[in-house]
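Peer 1: Straight out of TrEMBL:
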- A:11-132: domain 'Na+/H+ antiporter MnhB subunit-related protein' (DOMAIN)
- A:18-36: transmembrane segment (TRANSMEM)
- A:42-59: transmembrane segment (TRANSMEM)
- A:80-99: transmembrane segment (TRANSMEM)
- A:119-142: transmembrane segment (TRANSMEM)
Amino acid sequence: MAEKHSGMTLIVKTITRFTVWLILLYGIFLMIHGHLTPGGGFVGGLVVALSFIHMKLAFGKKGPVKGSGKTFLHALDSSGALLFLGIGVAAFFAGLPFLSNFLPKGKLFDLFSAGTIPILNFAIMLKVGAAIFLVFIALNLYEHGSKAGNSEDSKNEKREGE
Amino acid sequence: MGLYLLSFILFLVGLYGVLTKANIVKIILGSGIMGYAVNLFLILIAYRSGGTFPILLPGKDPGLMVDPLPQALVLTSIVIELGTTALLVALAVNIHKHYGTLNVRKVRRLKG
C-alpha cells in the first residue's frame with residue numbers, strides 16, 4: 001500500500017512465498033508422471049508457467065526476479081523445440097523412423113520407463129512453460145513497436161497520465 | 001441428442017455475444033464460449049455410456065473405454081484456442097492504446 005507499483009499487499013506476498021514452490025513442484029510432478037497418469041508435458045508446463053505468473057502478479061515489477069528475462073525465456077522456448085526435434089532425428093541414427101522410441105522401454109508402470117517419452121515431455125514442458133510466461137510478459141509490459149525494455153516505467157506512467 | 005442440442009445452444013450464446021456486444025473484451029469472451037461449445041460437442045460424441053477413462057492402470061481390467069481420439073483432438077483445439085485468445089487480447093491492447101476506447105462502434109479512423 002505504501003509504495004506504488006510494487007505488487008499486492010503483505011498478506012498476498014507472504015502466502016505467495018509458500019505457494020509458489022508448491023505450484024512449481026506440482027507442475028514438475030505432472031511432467032515426470034506424464035507417461036503414467038493424466039497430465040504430461042503440456043499440463044506440467046502450464047502449471048509451471050502459472051507459478052511464475054503467480055509470483056509476477058503478487059510481487060509486481062520489484063519482485064525477486066529482476067527484469068523481465070525475455071531473452072532467457074526465448075532461449076528456453078527455442079531449446080525445448082530443438083530438444084524435441086533432436087530426439088526425433090536421433091531415432092534415424094538407431095535405424096528407425098522419425099520420433100521412434102529407440103531407448104529401452106523398461107517395465108510397465110515404472111517411473112523411469114517408456115524410453116524417450118519422458119524426455120519429450122520435458123521438452124514440451126520447457127516449450128509450453130516459457131511460451132505461456134512470455135505471452136503474459138508481452139501482454140503485461142506494453143512493448144509494442146518501440147524499443148524494448150529500457151524505459152517501461154516511464155512509458156507506462158506517461159500513458160496512464162494521458 | 002438433448003445434450004447435443006444444449007451444446008449447440010451454448011454455441012449460439014457465444015455467437016450472440018460476438019455479434020451484438022460492443023465491448024471488445026465481451027467479444028473475446030463470446031468467441032471463447034463458442035470454442036468451448038465445440039469442444040464439449042466433440043467430447044460428447046466420443047462418450048460411450050458406461051465407459052471409463054482411456055488410461056491403463058496397474059491391476060485394473062481395461063474394459064469398456066470412451067474414445068480417446070476426439071479427446072486428443074480437443075486437447076490440440078484448446079491449445080490453438082489459447083493462441084487465438086492471446087492474439088485477440090494483444091489486438092485489444094493495441095486498439096486501446098491507439099484509440100483510447102474498447103467500444104468497437106467508436107473505433108473509426110476513416111469517417112463516412
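Cβ coordinates come from backbone N, Cα and C, glycine included.
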Peer 1: Cβ under 8 Å to the transmembrane segment (A:119-142), counting only same-chain residues 6 or more beyond its ends: which ones?
Peer 2: 27-28, 31-32, 34-35, 40-42, 44-46, 48-50, 52-53, 56, 68, 70, 73-74, 76-77, 79-81, 83-84, 87, 152, 155-156, 159
Peer 1: Within this structure, do the transmembrane segment (A:80-99) and the transmembrane segment (A:42-59) have 3 or more Cβ pairs under 8 angstroms, counting pairs 6 or more apart in sequence?
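Peer 2: Taking Cβ pairs at least 6 residues apart, the transmembrane segment (A:80-99) and the transmembrane segment (A:42-59) are not in contact, as fewer than 3 fall under 8 Å.
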Peer 1: Mind checking which residues reach the transmembrane segment (A:80-99)? Cβ under 8 Å, same chain, six or more beyond either end.
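Peer 2: Tertiary neighbours of the transmembrane segment (A:80-99) are 116, 119-120, 122-128, 130.
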Peer 1: Would you list the DSSP helix, strand and coil counts for the residues of the domain 'Na+/H+ antiporter MnhB subunit-related protein' (A:11-132)?
Peer 2: 84 helix, 0 strand, 38 coil
Peer 1: Please report, as numbers and ranges, the same-chain residues at least 6 past the borders of the transmembrane segment (A:18-36) whose CB is under 8 Å from any CB of it.
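Peer 2: That would be 43-51, 54-55, 109, 111, 113-114, 117-118, 121-122, 125, 129.
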